[in-house]
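Quick notes on the structure that follows.
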Amino acid sequence: MNLSTTAKTLLIVFVLVLLGAAGWYFYKKESGNPESGLKPRLEMAEVRIGAITDSTLDVALNLLLHNPLPVGLDVADMAYSVRMNETVILEDNYAKAFVVKASDSSSLDIATQLNLKNLIAEVNQQDKLGNDSADYHFEGVFHLRKPFLGKDTLRLAMDKRAFVYHLPEVKVVGFNLEKFRLNQSEVLLRLQVTNKNPFTLEFKNPSYSLDVGEQGNIMRGTSSGGTKVGKNSSQIYEVPFTIDMGELLKTGGQLLFQGNDLPFKFNFKCKLASDNEMLNNSDLNYVVDGTMQDLKELKAMMEKK
(Lines of atoms letter the chains of each structure in order from A; the text may use other names.)
(Lines give C-alpha, C1' and ligand atoms only; values in the text may rest on other atoms or scores of the structure.)
Protein backbone atom coordinates (compact mmCIF):
# COMPACT_ATOMS: atom_id res chain seq x y z
CA MET A 1 0.00 0.00 0.00
CA ASN A 2 1.38 3.37 -1.02
CA LEU A 3 0.90 6.37 1.24
CA SER A 4 0.56 9.84 -0.11
CA THR A 5 3.16 12.44 0.75
CA THR A 6 0.71 14.18 3.08
CA ALA A 7 -0.07 10.95 4.90
CA LYS A 8 3.63 10.16 5.32
CA THR A 9 4.22 13.63 6.74
CA LEU A 10 1.36 13.28 9.21
CA LEU A 11 2.64 9.85 10.26
CA ILE A 12 6.14 11.20 10.91
CA VAL A 13 4.74 14.12 12.92
CA PHE A 14 2.55 11.73 14.93
CA VAL A 15 5.52 9.45 15.73
CA LEU A 16 7.65 12.42 16.79
CA VAL A 17 4.90 13.74 19.05
CA LEU A 18 4.42 10.28 20.54
CA LEU A 19 8.15 9.91 21.22
CA GLY A 20 8.27 13.40 22.71
CA ALA A 21 5.32 12.67 25.00
CA ALA A 22 6.90 9.39 26.12
CA GLY A 23 10.20 11.12 26.76
CA TRP A 24 8.51 13.88 28.77
CA TYR A 25 6.62 11.29 30.83
CA PHE A 26 9.76 9.38 31.74
CA TYR A 27 11.66 12.65 32.34
CA LYS A 28 9.04 13.87 34.81
CA LYS A 29 9.00 10.47 36.47
CA GLU A 30 12.77 10.41 36.85
CA SER A 31 13.17 14.06 37.87
CA GLY A 32 10.66 13.57 40.66
CA ASN A 33 12.73 10.73 42.07
CA PRO A 34 15.34 12.00 44.59
CA GLU A 35 17.52 9.01 43.79
CA SER A 36 17.62 9.66 40.04
CA GLY A 37 20.47 11.35 38.23
CA LEU A 38 18.11 13.97 36.75
CA LYS A 39 17.46 15.80 39.98
CA PRO A 40 19.62 18.91 40.58
CA ARG A 41 21.92 18.42 43.52
CA LEU A 42 24.20 20.41 45.80
CA GLU A 43 27.79 19.66 46.69
CA MET A 44 29.86 21.46 49.33
CA ALA A 45 33.24 21.87 47.65
CA GLU A 46 34.96 23.84 50.42
CA VAL A 47 34.37 25.44 53.81
CA ARG A 48 36.90 27.91 55.18
CA ILE A 49 36.91 29.80 58.46
CA GLY A 50 37.97 33.45 58.35
CA ALA A 51 38.06 35.80 61.33
CA ILE A 52 37.14 34.30 64.70
CA THR A 53 36.00 36.47 67.59
CA ASP A 54 34.42 35.62 70.92
CA SER A 55 30.93 36.01 69.40
CA THR A 56 31.14 35.62 65.61
CA LEU A 57 32.72 33.44 62.96
CA ASP A 58 33.37 34.50 59.35
CA VAL A 59 32.69 31.60 57.00
CA ALA A 60 33.46 31.20 53.28
CA LEU A 61 31.47 28.50 51.47
CA ASN A 62 32.07 27.17 47.97
CA LEU A 63 28.95 25.40 46.68
CA LEU A 64 28.58 23.41 43.48
CA LEU A 65 25.10 23.25 41.97
CA HIS A 66 24.80 20.41 39.45
CA ASN A 67 21.97 20.65 36.92
CA PRO A 68 21.47 17.48 34.81
CA LEU A 69 18.13 18.76 33.47
CA PRO A 70 17.62 19.54 29.77
CA VAL A 71 16.68 23.13 30.68
CA GLY A 72 18.61 25.83 32.52
CA LEU A 73 17.85 27.14 36.00
CA ASP A 74 17.43 30.92 36.23
CA VAL A 75 17.84 31.71 39.95
CA ALA A 76 16.93 35.08 41.48
CA ASP A 77 18.37 34.39 44.95
CA MET A 78 18.88 31.62 47.48
CA ALA A 79 17.92 31.38 51.14
CA TYR A 80 20.00 28.84 53.03
CA SER A 81 20.48 27.40 56.48
CA VAL A 82 22.83 25.05 58.29
CA ARG A 83 21.79 22.77 61.13
CA MET A 84 24.08 20.95 63.51
CA ASN A 85 21.98 17.98 64.57
CA GLU A 86 18.64 19.75 65.13
CA THR A 87 20.07 23.16 66.06
CA VAL A 88 20.08 25.94 63.45
CA ILE A 89 23.56 27.50 63.58
CA LEU A 90 23.39 29.61 60.42
CA GLU A 91 20.66 31.31 58.38
CA ASP A 92 21.35 33.76 55.58
CA ASN A 93 20.47 34.76 52.03
CA TYR A 94 22.55 34.76 48.84
CA ALA A 95 21.07 37.76 47.01
CA LYS A 96 22.89 37.51 43.67
CA ALA A 97 21.06 36.16 40.62
CA PHE A 98 22.74 33.40 38.61
CA VAL A 99 21.99 30.89 35.85
CA VAL A 100 22.94 27.22 35.71
CA LYS A 101 22.83 26.04 32.11
CA ALA A 102 21.22 22.79 31.04
CA SER A 103 23.38 19.73 31.76
CA ASP A 104 25.96 21.93 33.46
CA SER A 105 27.24 22.93 36.91
CA SER A 106 27.79 26.28 38.58
CA SER A 107 30.08 27.30 41.45
CA LEU A 108 28.87 29.72 44.14
CA ASP A 109 31.22 31.54 46.51
CA ILE A 110 29.32 32.61 49.62
CA ALA A 111 30.72 34.82 52.38
CA THR A 112 28.68 34.89 55.58
CA GLN A 113 29.00 35.37 59.32
CA LEU A 114 27.87 32.92 61.95
CA ASN A 115 26.71 33.95 65.41
CA LEU A 116 28.43 31.62 67.86
CA LYS A 117 25.69 31.48 70.50
CA ASN A 118 23.77 28.50 69.07
CA LEU A 119 26.92 26.75 67.87
CA ILE A 120 28.61 26.91 71.28
CA ALA A 121 25.43 25.72 73.03
CA GLU A 122 25.18 22.70 70.71
CA VAL A 123 28.91 21.91 71.03
CA ASN A 124 28.64 22.03 74.83
CA GLN A 125 25.62 19.72 74.69
CA GLN A 126 27.50 17.19 72.55
CA ASP A 127 30.46 17.38 74.94
CA LYS A 128 28.15 16.48 77.84
CA LEU A 129 26.85 13.51 75.84
CA GLY A 130 30.39 12.41 75.00
CA ASN A 131 29.89 12.77 71.24
CA ASP A 132 32.85 13.74 69.06
CA SER A 133 30.89 13.93 65.78
CA ALA A 134 27.62 15.47 64.63
CA ASP A 135 25.22 15.54 61.68
CA TYR A 136 25.44 18.72 59.60
CA HIS A 137 22.50 19.56 57.30
CA PHE A 138 22.65 22.25 54.61
CA GLU A 139 19.45 23.33 52.88
CA GLY A 140 19.07 25.84 50.07
CA VAL A 141 15.81 27.33 48.80
CA PHE A 142 16.34 28.63 45.27
CA HIS A 143 13.84 31.24 44.10
CA LEU A 144 13.49 30.94 40.33
CA ARG A 145 12.95 33.90 38.02
CA LYS A 146 11.41 31.53 35.48
CA PRO A 147 9.10 28.84 36.93
CA PHE A 148 10.00 25.25 36.16
CA LEU A 149 7.38 22.47 36.05
CA GLY A 150 4.91 24.93 37.55
CA LYS A 151 7.13 25.75 40.53
CA ASP A 152 8.95 28.97 41.32
CA THR A 153 11.14 27.50 44.09
CA LEU A 154 13.57 24.62 44.22
CA ARG A 155 14.61 23.03 47.53
CA LEU A 156 17.89 21.14 47.70
CA ALA A 157 19.68 19.72 50.71
CA MET A 158 22.75 17.73 51.65
CA ASP A 159 23.91 15.99 54.80
CA LYS A 160 27.32 15.18 56.20
CA ARG A 161 28.60 13.67 59.42
CA ALA A 162 31.76 15.35 60.66
CA PHE A 163 33.73 16.41 63.72
CA VAL A 164 32.25 18.47 66.50
CA TYR A 165 34.48 21.47 65.90
CA HIS A 166 35.70 23.38 68.95
CA LEU A 167 36.98 26.93 68.86
CA PRO A 168 40.35 27.39 70.57
CA GLU A 169 40.16 28.74 74.12
CA VAL A 170 42.56 31.29 75.58
CA LYS A 171 42.68 32.09 79.30
CA VAL A 172 44.89 34.32 81.44
CA VAL A 173 46.11 32.12 84.30
CA GLY A 174 48.86 34.23 85.87
CA PHE A 175 51.57 36.85 85.70
CA ASN A 176 55.25 36.79 86.61
CA LEU A 177 56.88 40.20 87.21
CA GLU A 178 60.35 40.47 85.69
CA LYS A 179 61.08 44.18 85.96
CA PHE A 180 59.26 46.85 87.92
CA ARG A 181 59.90 50.54 87.25
CA LEU A 182 57.97 53.74 87.83
CA ASN A 183 57.50 54.41 84.13
CA GLN A 184 57.16 50.91 82.66
CA SER A 185 57.19 47.37 83.97
CA GLU A 186 57.68 44.11 82.14
CA VAL A 187 55.85 40.95 83.10
CA LEU A 188 55.53 37.47 81.72
CA LEU A 189 51.91 36.76 80.98
CA ARG A 190 50.90 33.13 81.52
CA LEU A 191 48.30 31.96 79.01
CA GLN A 192 46.48 28.65 78.91
CA VAL A 193 45.54 27.64 75.38
CA THR A 194 43.12 24.73 74.98
CA ASN A 195 42.50 22.76 71.80
CA LYS A 196 39.66 20.23 72.06
CA ASN A 197 39.84 19.24 68.39
CA PRO A 198 41.20 15.94 67.00
CA PHE A 199 43.90 17.85 65.10
CA THR A 200 46.82 20.12 66.02
CA LEU A 201 46.54 23.91 66.12
CA GLU A 202 49.40 26.39 65.93
CA PHE A 203 49.09 29.97 67.18
CA LYS A 204 51.41 32.13 65.06
CA ASN A 205 52.81 35.58 65.94
CA PRO A 206 50.29 36.49 68.65
CA SER A 207 49.74 40.04 69.86
CA TYR A 208 47.80 41.03 72.97
CA SER A 209 46.68 44.02 74.98
CA LEU A 210 44.75 44.79 78.16
CA ASP A 211 42.23 47.60 78.61
CA VAL A 212 41.15 48.56 82.13
CA GLY A 213 38.11 50.77 82.60
CA GLU A 214 38.31 53.64 80.13
CA GLN A 215 42.07 53.26 79.65
CA GLY A 216 43.22 51.25 76.65
CA ASN A 217 46.48 49.38 76.11
CA ILE A 218 47.62 49.45 79.73
CA MET A 219 49.44 46.24 78.90
CA ARG A 220 50.57 45.21 75.44
CA GLY A 221 52.93 42.73 73.88
CA THR A 222 53.79 40.54 70.92
CA SER A 223 55.47 37.19 70.43
CA SER A 224 57.15 36.02 67.23
CA GLY A 225 57.02 32.46 65.98
CA GLY A 226 54.37 29.89 66.72
CA THR A 227 53.14 27.72 69.55
CA LYS A 228 51.67 24.32 68.72
CA VAL A 229 48.93 22.81 70.84
CA GLY A 230 48.33 19.12 70.20
CA LYS A 231 44.97 17.55 69.60
CA ASN A 232 42.67 17.30 72.62
CA SER A 233 45.16 19.05 74.90
CA SER A 234 46.01 22.26 76.75
CA GLN A 235 49.27 24.11 77.04
CA ILE A 236 50.47 26.96 79.24
CA TYR A 237 53.13 29.29 77.90
CA GLU A 238 54.56 32.64 78.93
CA VAL A 239 54.76 35.72 76.74
CA PRO A 240 56.41 39.10 77.48
CA PHE A 241 54.09 41.93 78.41
CA THR A 242 54.78 45.64 78.97
CA ILE A 243 52.77 47.65 81.52
CA ASP A 244 52.38 51.36 80.87
CA MET A 245 52.47 52.67 84.45
CA GLY A 246 51.21 56.10 83.36
CA GLU A 247 48.06 54.58 81.91
CA LEU A 248 47.74 52.28 84.91
CA LEU A 249 47.82 55.24 87.33
CA LYS A 250 45.04 56.93 85.34
CA THR A 251 42.71 54.14 86.42
CA GLY A 252 43.17 55.10 90.08
CA GLY A 253 40.01 57.20 90.25
CA GLN A 254 37.94 54.58 88.48
CA LEU A 255 39.32 51.88 90.77
CA LEU A 256 38.48 54.01 93.83
CA PHE A 257 34.81 54.28 92.88
CA GLN A 258 34.26 50.92 91.19
CA GLY A 259 36.73 48.75 93.06
CA ASN A 260 36.60 45.11 92.06
CA ASP A 261 33.73 45.88 89.67
CA LEU A 262 36.00 47.91 87.37
CA PRO A 263 35.87 46.09 84.02
CA PHE A 264 38.82 44.98 81.94
CA LYS A 265 39.17 43.55 78.45
CA PHE A 266 41.95 41.24 77.31
CA ASN A 267 42.53 41.15 73.54
CA PHE A 268 44.40 38.27 71.90
CA LYS A 269 45.11 38.18 68.15
CA CYS A 270 47.01 35.63 66.07
CA LYS A 271 47.00 33.59 62.88
CA LEU A 272 45.98 29.93 63.16
CA ALA A 273 47.80 27.15 61.33
CA SER A 274 46.45 23.62 61.16
CA ASP A 275 46.41 20.39 59.16
CA ASN A 276 42.66 20.93 59.03
CA GLU A 277 42.07 22.98 55.87
CA MET A 278 38.92 24.60 57.22
CA LEU A 279 40.77 26.33 60.08
CA ASN A 280 44.17 26.80 58.44
CA ASN A 281 45.18 30.48 58.07
CA SER A 282 42.18 31.70 60.08
CA ASP A 283 42.51 34.98 61.98
CA LEU A 284 41.78 34.58 65.68
CA ASN A 285 40.66 37.73 67.49
CA TYR A 286 39.77 36.57 70.98
CA VAL A 287 38.38 38.91 73.64
CA VAL A 288 38.09 38.04 77.33
CA ASP A 289 35.96 40.37 79.47
CA GLY A 290 36.16 40.49 83.25
CA THR A 291 36.50 42.71 86.30
CA MET A 292 39.35 43.69 88.58
CA GLN A 293 38.26 40.90 90.88
CA ASP A 294 39.72 38.55 88.27
CA LEU A 295 43.06 40.38 88.39
CA LYS A 296 43.67 40.03 92.13
CA GLU A 297 46.57 37.70 91.46
CA LEU A 298 48.39 40.44 89.57
CA LYS A 299 47.60 42.97 92.29
CA ALA A 300 48.95 40.63 94.98
CA MET A 301 52.18 40.03 93.03
CA MET A 302 52.74 43.76 92.56
CA GLU A 303 52.22 44.39 96.29
CA LYS A 304 54.83 41.74 97.12
CA LYS A 305 57.36 43.61 95.01
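Cβ atoms are placed via backbone N, Cα and C, with glycine included.
TrEMBL labels come from automatic prediction, so no person has curated them.
Remember, it's a predicted structure, so these values are computed and weren't measured experimentally.
Taken from TrEMBL, the feature domain 'Late embryogenesis abundant protein LEA-2 subgroup' applies to 64-156 (among others). Helix, strand and coil counts under DSSP for the domain 'Late embryogenesis abundant protein LEA-2 subgroup' (64-156) come to 14 helix, 61 strand, 18 coil.
The annotation domain 'Late embryogenesis abundant protein LEA-2 subgroup' is assigned in TrEMBL to 191-271 (among others).
When averaged over the domain 'Late embryogenesis abundant protein LEA-2 subgroup' (191-271), pLDDT in the model lands at 75.
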